[in-house]
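> Please see the structure below; I have some questions.
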Amino acid sequence: MTLQEDIIRQLEVKAVIDPKQEIRQSVDFLKAYLLKHPFLKTYVLGISGGQDSSLAGKLAQMAIEELRAETGDEQYQFIAVRLPYGVQADEADAQKALAFIQPDQALTVNIKEAVDGQLRALEAAGLEISDFNKGNIKARQRMISQYAIAGQTAGAVIGTDHAAENVTGFFTKFGDGGADILPLFRLTKRQGKALLKVLKADPSLYEKVPTADLEDKKPGLADEVALGVTYQEIDDYLEGHTISAEAQARIEDWWHKGQHKRHLPITIFDDFWK
C-alpha cells in the first residue's frame, strides 16, 4: 500500500460521492450522537463566514430541527457563535452564513479582550509572543468560549475538520482542532462545496478564498499560500488521482509534520512519532 492509499484509507475519503447521501449521513450522525447521550441537548459551533463552518452549521441546524420534530423535545437547540477578534474584516460573509444556517440561537463573543489579556500576562512573565503564536492563541480562545457555552447549555462542540484540512494538519492543536464531533470528516474541500450547492447556499460562501485569518501581520493570508499547495491538488490527491511530484511531496510532508495533531497526548505505548 502506498502512503497515498494509506492516507485515503485513514481519512475515509471516497473518490466519488452523492452529495444528498452525504448530507443525510452527516445529519443522521449528529442526531444519533445526541440521542445516545440524553444529557446533551445542544450543539455549539463557531461561525466564521467560510465554507466549512457554513456547511457544518447548516447540517447541525437540520439535525436539531429533525430531533425536535421527532421527539417533541424543545430543549434541542443549535447555538451558532460569532467569535471575532475586534472587528472582523469579512463580517458581511459571517452574516450571510448565519442567514443561510438560520440557527436557533446566535451569540457573539468578542475574544479580543481575552486574547490581549493573555498576551499581557505572558509578556509580564518575560515572554515575547510571535504573531504566529498569537494566532494560535486566538484559535484556542475561540474553543474556550465555545466549550464554556456548551458547558452552560448541556452541549457538544462541533468541529469543522475535513479531509483536506486533516491531511495537511492545517488547524491549531487544541484550538479549532479541539471538538467533540466532526460531521465533515471524510469530505474533501470540493466535496464540501458540492454539499453546499445542494443545500442552496449563497455561492459567495464557498467561492471565497479560504483563509484562517489568524495572523495580524498577514491578514487574510490564503490557505493555499500558507500551505504551498492548492486545494485542487490536495483534493485530487485524496481522491486517488496522480498529481505532480512536487505537490505530492508537499502534501505528504505536511501529513508527517501534522501526525501529532491527529493523536491524543503521547504515552509510552505510542510509536507513531518514532
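The count begins at 1 with the first shown residue.
Here the Cβ of each residue, glycine as well, is placed from N, Cα and C on the backbone.
What Swiss-Prot lists as ATP binding site is G46, I47, S48, G49, G50, Q51, D52, S53, T160, K189, T211, and the listing cites sequence analysis. Residues annotated as Mg(2+) binding site in Swiss-Prot, with sequence analysis given as evidence: D52, E165. The feature deamido-NAD(+) binding site is assigned by Swiss-Prot to R140, K173, D180, H260, K261, with sequence analysis given as support.
Each of the listed features needs to be described in terms of its position in the shown structure.
In the three-state DSSP reading, T160 (ATP binding site) counts as coil.
D52 (ATP binding site) has a Cβ environment of 23 other Cβ atoms inside 10 Å.
Over all protein chains present, the Cβ of D180 (deamido-NAD(+) binding site) has 17 other Cβ atoms lying within 10 Å.
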> Could you state the whole-number distance in Å separating the C-alpha atoms of K173 (deamido-NAD(+) binding site) and E165 (Mg(2+) binding site)?
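Given the Cα positions, K173 (deamido-NAD(+) binding site) is 12 Å from E165 (Mg(2+) binding site).
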> Out of R140, E165, D180, H260, K261, which of these binding-site residues is nearest G50 (ATP binding site) by C-alpha distance?
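It is E165, whose Cα lies nearest.
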> Cα of R140 (deamido-NAD(+) binding site) to Cα of D52 (ATP binding site): how many Å, rounded?
18
> If you measure from the Cα of G46 (ATP binding site), which of the binding-site residues E165, D180, K261 is the nearest?
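Nearest in space to G46 (ATP binding site), counting only the binding-site residues, is D180.
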> Using only the residues recorded as binding deamido-NAD(+) (R140, K173, D180, H260, K261), report the maximum Cα-Cα distance in Å, whole number please.
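The span, Cα to Cα at its widest, is 18 Å.
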> For D180 (deamido-NAD(+) binding site), which of the binding-site residues S48, D52, T160, E165, T211 has the nearest Cα in space?
T160
